[in-house]
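This report refers to the structure that appears directly beneath it.
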Amino acid sequence: MEDIEGYEPHITQELIDRGHARRMGHLENYFAVLSRQKMYSNFTVYAELNKGVNKRQLMLVLKVLLQKYSTLAHTIIPKHYPHHEAYYSSEEYLSKPFPQHDFIKVISHLEFDDLIMNNQPEYREVMEKISEQFKKDDFKVTNRLIELISPVIIPLGNPKRPNWRLICLPGKDTDGFETWKNFVYVTNHCGSDGVSGSNFFKDLALLFCKIEEKGFDYDEEFIEDQVIIDYDRDYTEISKLPKPITDRIDYKPALTSLPKFFLTTFIYEHCNFKTSSESTLTARYSPSSNANASYNYLLHFSTKQVEQIRAQIKKNVHDGCTLTPFIQACFLVALYRLDKLFTKSLLEYGFDVAIPSNARRFLPNDEELRDSYKYGSNVGGSHYAYLISSFDIPEGDNDKFWSLVEYYYDRFLESYDNGDHLIGLGVLQLDFIVENKNIDSLLANSYLHQQRGGAIISNTGLVSQDTTKPYYVRDLIFSQSAGALRFAFGLNVCSTNVNGMNMDMSVVQGTLRDRGEWESFCKLFYQTIGEFASL
C-alpha cells in the first residue's frame, strides 16, 4: 500500500491499483523541479497539416489519443494543493530531503477546452497577440511568433489540466466555417519531450486519416458535451501509465566514474566560455520580469538541400554519420568566424555543447512496450567541452572541417559506450544524493543567478509522411526556451520528408550586442552550412 497522505482526495489506492496513478520517477521529478521552481517555461512543436480539420474531428482524435496514451492525460498532484506553490518555496520543504516524489494520475474529467489554449481565459491576452502576429506574418511561423510563445507558462500541479496545451492558429481560408491546419503543441516538459511533440502530430494525422477513410464510431452526446475524458465512464478504456523510464533504464553512473565527472564539471565552471552581461544571468520566471528572454531566428532547408547535405556527409565522412555533428561543426565554426564572442583569454579555452538524445532506444526490444513510451520526458544526452581553438577553420579547409565532423560523431557514439550520455541526469538519481539532499534546492542553487555558457543542440529527427494519404504533417518546427539551464545558445532541428528541415536558433539577450549582431551570426551560420555542403 502506498502512503498517500497529503495527496488525497486526488490520489486513491484504487487509482494506483488500476495503473492510473503512481509516483514520479527520478527523471520525471527533475523536470517537475524545473517547473515548480520556475526555472523553465516551455518547449513547443509547431505543425502544419496539408489541409484543415474542424472542431469535431479534433475532439474525436484527441479522445482516442488520450485514451490510448494515458501519459497525455496525466497531471502531477502536488502536496498541499491548492497551496502547493507556497509550500514548495518554503523553508519547511527546501530544508530537508524528500526521497519519495510526488504522484501523477490520469485526470478525472477533461474537456476539449481544457486542452485548447485559445479557449482558456488566463491566456486570452497572449492568445490575441499570437493570433494577430500569425495573421500579420501571412499565416507563417516566424521568430516573432516564437518569441511571443516562449515565455508562456503551463502551470504545474493543476489536478484538472495536463502539462501541455494545444494552440489552434487561425486559418487563412475558412470557407465560412472554422478549420485549422496550423497548430502549436506547448508543454512545460513534464511528461513530454521533443520526440513526444513530433509523435503527437504524427498520431493526429493518422487518426484524421482513419476518420476520413473508415468513418468513426462515436456518441453524439460526446460531441455535445465535449468531454475528452470522463474517468468514471472511461477508465476501462484508458491505458495504464507506463512505469518511469528510469525503472526500465539505469541512469545511475558507476561510482568509479564520479571523479572524472566532478573534475570535468570543475573545468567547465572555471575554464569555459561564459557570458559577462548582467542581463544574461539565469533567473526565475515571473509575470513582471523579462527573465531568460531570447532572440530567435528561423532557418529553412528544402528537401533537396537536405539531400545535398546528407550526400556531402556520406562522401566526406561515412554512411553512418548523421546530420547533428555536421550542424554542430558548422555552428561552432561560424561562432569563431563571427569574432564577437570569444575573448581568447587563458581562462577561456573551452566551449560546452549539450546534445540531448532519445533514451527510448535503450528500452527492451518489445514493440508494445516501446509504444507505451512514445510520450514522456524520456531523454538522455551528452555534454562535452571542446577547445575553442579547434573551431578556427579557414574557408576552403575542407579536410580540417570534415575531420571535426567525424570527431563530433565519434564522441557522441562513445558517450553511449562509456555512460556519458546519461551521467549528467544520472548523478542526481544516486541514492546518496536523493536520500540526503533536497533536489529542488540543489538544482536551484546550481542553476539560478549564474552566468551562461555554451549551447544546447537538439535534433528530434526526420518525420516521414505518406503524402498519398488524406492527411499528413507537411511541416514541423521545434523550439524551446532557454530557461535557467545556463546555456547561452539554443539550436533546435526538426525535419519532414515533405517540406525539409527547420532550425530554430536562439540566443539569450545580452550574449551578443543586439538583435542585429545575432542575425548577422545566423546568416554566417547559414553561409557556413552552404560552404561545406556545397549548396
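Here the Cβ of each residue, glycine as well, is placed from N, Cα and C on the backbone.
Cβ neighbours within 10 Å of His189 (active site, charge relay system), excluding its own Cβ and spanning all shown chains: 25. According to its DSSP assignment, His189 (active site, charge relay system) is coil. The feature active site, charge relay system is assigned by Swiss-Prot to His189 (among others), with similarity to another entry given as support.
The 10 Å shell around the Cβ of Asp193 (active site, charge relay system) contains 24 further Cβ atoms across the protein chains shown. Under the heading active site, charge relay system, Swiss-Prot lists Asp193 (among others).
The annotation region 'Membrane association' is assigned in Swiss-Prot to 19-36 (among others) on the grounds of experimental evidence. Helix first, then strand, then coil: DSSP counts for the region 'Membrane association' (19-36) stand at 11 helix, 3 strand, 4 coil.
In the predicted model, residues of the region 'Membrane association' (515-532) average a pLDDT of 98. As annotated by Swiss-Prot, region 'Membrane association' applies to 515-532 (among others), with the evidence given as experimental evidence.
Secondary structure by DSSP for the region 'Membrane association' (515-532): 18 helix, 0 strand, 0 coil.
Tertiary neighbourhood of the region 'Membrane association' (19-36): same-chain residues 2, 11-12, 70, 76-78, 84-85, 88, 100-106, 154, 156-157, 163, 188-191, 231, 235, 238, 240-241, 243-247, 251, 376-379, 425, 428-429, 434, 439-440, 443, 483-485, selected by CB-CB distance under 8 Å and a gap of 6+ residues from either end.
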